[in-house]
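The transmembrane segment feature in Swiss-Prot is assigned to 17-37, 65-85, 105-125, 134-154, 155-175, 188-208, 240-260, 276-296, 339-359.
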Amino acid sequence: MKKYLKDYEYKILYKRIIFTCWILLIYIFGTHIPAITTVRTYTAISNFYKMTAANVGGDYQALNVFSLGLGPWLTAMIFMTLFYYRDSDRMMKQTRREKSTKERIFTLILALIQAYFVVFTLLSHVKIDHSEKWLIILVLVTGAMILVWLSDLNMRFGIAGPMPIVMISIIRSIMRQNVALSELGPTLLISAALVLIIILLVLIFIEITEYRLPYLDVMDVSSRREHTYLAWKLNPGGSIAIMISFAAFFVLNSAVNLIVQFFNSKNNGVLNFLDFSTPIGITIFLILQLVLSYGISRLILDPKRKAKDFKKNGDFFPGVEPGKPTYHYLIHKARRISWIGAFIVTIIIGIPLYATLLIPQFSKEIYLSV
């Protein structure tokens, strides 16, 4: 019987791997279908936008069916979750279909905004009619919704949800970058390597660091006096907050440019202040990263649910009364942990981004390392 169950598990795993491979083949095939039949499109989008688009499965090197990637969906999903954060009971009462419908509508709106900005930026110097541009926008939005559907299918029948698509996109982006390490010089290479090692050690420290809150377990009647504690990671959001911040910043950039072009039709260019080549753009992005990282950490820690679990089980913290005092105690601790983790991650990302302003000739290499 045990052998039969083991063989059955391997068979299920095998089917899931095959299904994910088919999803990736469809994604790769879609990236080779151009949305416009030109040899090369002029792009006013910086290299950093191209690389960050790859982090969510997008591609701004040349317009194809899946150029928008999963950015609109990931942004919509996290903002919907943050919107219902204070009313989690209402969110729990919703059916899967209701949640999915609201996410898809929000994703469609964000995809439309992002597609408009991308098309009118990439094709600003290509002589085509406005009707053709709107047709390309329709193709991009349709491709984004198809990619969301494929990711949802892979989440149900495949492995790791949208992550295989993102990984393939990142690999394609890295292979396109022509990074000439020989031009950097030995001093700069050694300095960059030391900085990367220090950042890597800090990231490992953040990953393994836990903030422990000791509590008394009333159900523990064993004679062994083992310490029971509530363990929270310093950065529970991990890389999710960074990925979402890139997608949200690009959507913000798209929305601002769309509003400016709507009220000022003579301005067909791209606003430079929301770009990583300016200190204002980097600062706005880091503020967005700080806020989103804090919000996602609070969302994952979920002190409200923890307080309910403690009240239900009868557990309590030393010196803290059960009920509302426990809830306020957990809120205070979760707020402190979330801010500390968000500040550390923001500083780690901010240092190399501000470094691109001092040495812009190596901005591509720094963007690639980020």
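A Cβ is built for glycine as well, from the same backbone N, Cα and C atoms used for every other residue.
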Feature contact check the transmembrane segment (155-175) with the transmembrane segment (105-125), CB under 8 Å, 3 or more pairs: no
Considering the transmembrane segment (134-154), which listed stretch of 17-37, 65-85, 188-208, 240-260, 339-359 counts the most C-beta pairs under 8 Å: 65-85
Contact check, the transmembrane segment (17-37) vs the transmembrane segment (240-260), 3+ Cβ pairs under 8 Å, seq sep 6+: no
Mind pulling out the one from 65-85, 155-175, 188-208, 240-260, 339-359 with the most Cβ pairs under 8 angstroms to the transmembrane segment (276-296)? 339-359
Which sequence positions outside the transmembrane segment (240-260), separated from its termini by at least 6 residues, show Cβ-Cβ distances below 8 Å to it? 49, 52-53, 55-56, 71-72, 74-75, 78-79, 110, 113-114, 116-118, 121, 166, 267, 270-271, 274-275, 284-285, 288-289, 292-293, 296-297, 342, 345, 349
Could you pull out which residues elsewhere in the chain have a CB under 8 Å from any CB of the transmembrane segment (339-359), counting only those six or more residues past its ends? 195, 199, 202-203, 206, 233-237, 241-242, 276-277, 279, 282, 285-286, 289-291, 293-294, 297, 366-367, 369-370
